[in-house]
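**Student:** Take this structure first; my questions come after.
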Amino acid sequence: MLKIIIPTAMLMPMTCLSKPNMIWINSTTYSLLISLISLSYLNQLGGHSLNFSLLFFSDSLSAPLLVLTTWLLPLMLMASQSHLSKETPSRKKLYITMLTLLQLLLIMTFTATELIMFYILFEATLIPTLIIITRWGDQTERLNAGLYFLFYTLVGSLPLLVALLYIQNTTGTLNFLIIQYWAKPISTTWSNIFLWLACMMAFMVKMPLYGLHLWLPKAHVEAPIAGSMVLAAVLLKLGGYGMMRITVLLNPATNQMAYPFMMLSLWGMVMTSSICLRQTDLKSLIAYSSVSHMALVIVAVLIQTPWSYMGATALMIAHGLTSSMLFCLANSNYERVHSRTMILARGLQTILPLMAAWWLLASLANLALPPTINLIGELFVVMASFSWSNMTIILMGTNIIITALYSLYMLIMTQRGKYTHHIKNINPSFTRENALMALHLLPLLLLSLNPKIVLGPIY
């Protein structure tokens, strides 16, 4: 485990000691090397977990998320270069240090064995994210967005700490590896219902569940590009990962308690997709589409069948790469047009044909076209929910149609139509941006050749 944690920690002093003209080159190449080392975790034998020590372990659920986390740091650094070109070197170094610190905390969160340690790290990821949003965001509303983000997540996860201390007292351990054998079945008495809610609410807010999702569009819209990328790609996955880990302790209460939340998710999935059709702000549209995709993951985790778990894991990885790519594309538009409003940036296909190709591929990945891993995840979730209840197919089908509609709407609004006069003399697409898009899309396509490495612990 230390072969990733120590190099990531040493990224911080390396950034601080780099010469001003070498900051980006050093940090990007070094973080790419770290992400290549982390690939060794994917090749695990059967369903066994790699127990690195008493503190860290990795199994087939956390390994794909771990690799996604490390893979995202070089991409975030590549995406942030022109956004930070006006800043002083010390500010750039601080920014990279924040991203590295965030990656370090996320790696430790995904591999922690103790639930209390998981909780502390889960909360600690708020701090660098908050600093990134409130310091480098574009508009003045970023402070408001940061407050929303902080308080939603904190208030949601405080009861979790109380619940964890209670479980520690009753079972005597909070170690993931031991507690699955020691956990006593939880019946549906009133006290256990509150215990269930306390355990799940933190992750429901983080996912986010429809109704608790108001912080997400705000935080996404106001964050700088790297903030949006890491928020969409990894921080939302913390919720899904935590839910999968903690449902082991909460059976059989989950079977009764899951119904209202599944209804809310299925309804919210259709609602947020419909909200996407009415958006004028590009980043806001992508943020709402994230909510609708993560609602599928909530449904899958609460169904608790092997298929739904596999679908949830695959969908989390796929959504991480897809939404991150869409945010990068939105950012490349923003850097040229200096507005997130879609009407002001229409007709870009005639000026930037290669970017239009990336837009098309990203939109197709977002609506789960066959060769991508998105399809595998969505197919598993839809089939699992259909076998749970036949009625869900109505909502799932509606959601899939609306997803196709808003993806088409996004593509037509930004790429087609008559271009406006103020974008005649914009910059061409850089090699850096094309490489960034390719590095997002390649894993999505290559994983479909061998999807079992992202299908989680049950496969």
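Residue positions begin at 1 at the first shown residue.
Heads up, the Cβ atoms here are built off N, Cα and C, so glycines get one too.
For reference, Swiss-Prot lists these features for the protein:
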TRANSMEM  22-42  transmembrane segment
TRANSMEM  60-80  transmembrane segment
TRANSMEM  92-112  transmembrane segment
TRANSMEM  113-133  transmembrane segment
TRANSMEM  193-213  transmembrane segment
TRANSMEM  224-244  transmembrane segment
TRANSMEM  257-277  transmembrane segment
TRANSMEM  284-303  transmembrane segment
TRANSMEM  308-330  transmembrane segment
TRANSMEM  351-371  transmembrane segment
TRANSMEM  393-413  transmembrane segment
TRANSMEM  435-455  transmembrane segment
**Student:** At a C-beta cut-off of under 8 Å, are there same-chain residues at least 6 beyond the transmembrane segment (60-80) that contact it? List them, or none.
**Tutor:** 4, 8, 24, 27-29, 31-32, 34-35, 38-39, 41-42, 44, 47, 49, 95-96, 99-100, 103, 106-107, 110-111, 224-226, 229-230, 233-234, 237, 241, 244-245, 313, 316-317, 320-321, 324, 328, 331, 432, 435-436, 439-440, 443, 453-457, 459
**Student:** Which sequence-distant residues neighbour the transmembrane segment (193-213)? Criterion: at least 6 residues beyond either end, Cβ under 8 Å.
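**Tutor:** Contacts with the transmembrane segment (193-213): 122, 152-153, 155-157, 159-160, 162-164, 166-167, 186, 235-236, 238-240, 242-243, 246, 249-250, 253-254, 257, 261, 264-265, 267-269, 271-272, 291, 294-295, 297-298.
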**Student:** As a test: from 224-244, 308-330, 351-371, 393-413, pick the stretch that has the greatest number of Cβ pairs under 8 Å with the transmembrane segment (435-455).
**Tutor:** 308-330
**Student:** Which residues of the same chain, at least 6 past either end of the transmembrane segment (284-303), have a Cβ under 8 Å from a Cβ in it?
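**Tutor:** For the transmembrane segment (284-303), the nonlocal Cβ contacts are 204, 207-210, 213, 216-217, 220-221, 232, 236, 239-240, 243-244, 247, 254, 258, 261-262, 265-266, 268-270, 272-273, 275-276, 309, 311-312, 315-316, 319, 323, 326-327, 330, 340, 342, 366, 378, 380-381, 384-385, 388, 392, 399, 403, 406, 410.
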**Student:** Do we see three or more Cβ pairs under 8 Å linking the transmembrane segment (393-413) and the transmembrane segment (113-133), pairs being at least 6 apart in sequence?
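**Tutor:** Answer no: the transmembrane segment (393-413) and the transmembrane segment (113-133) share fewer than 3 Cβ pairs below 8 Å.
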**Student:** For the transmembrane segment (113-133), which partner among 224-244, 257-277, 308-330 gives the most CB pairs under 8 Å?
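**Tutor:** Out of the listed stretches, 224-244 contacts the transmembrane segment (113-133) most.
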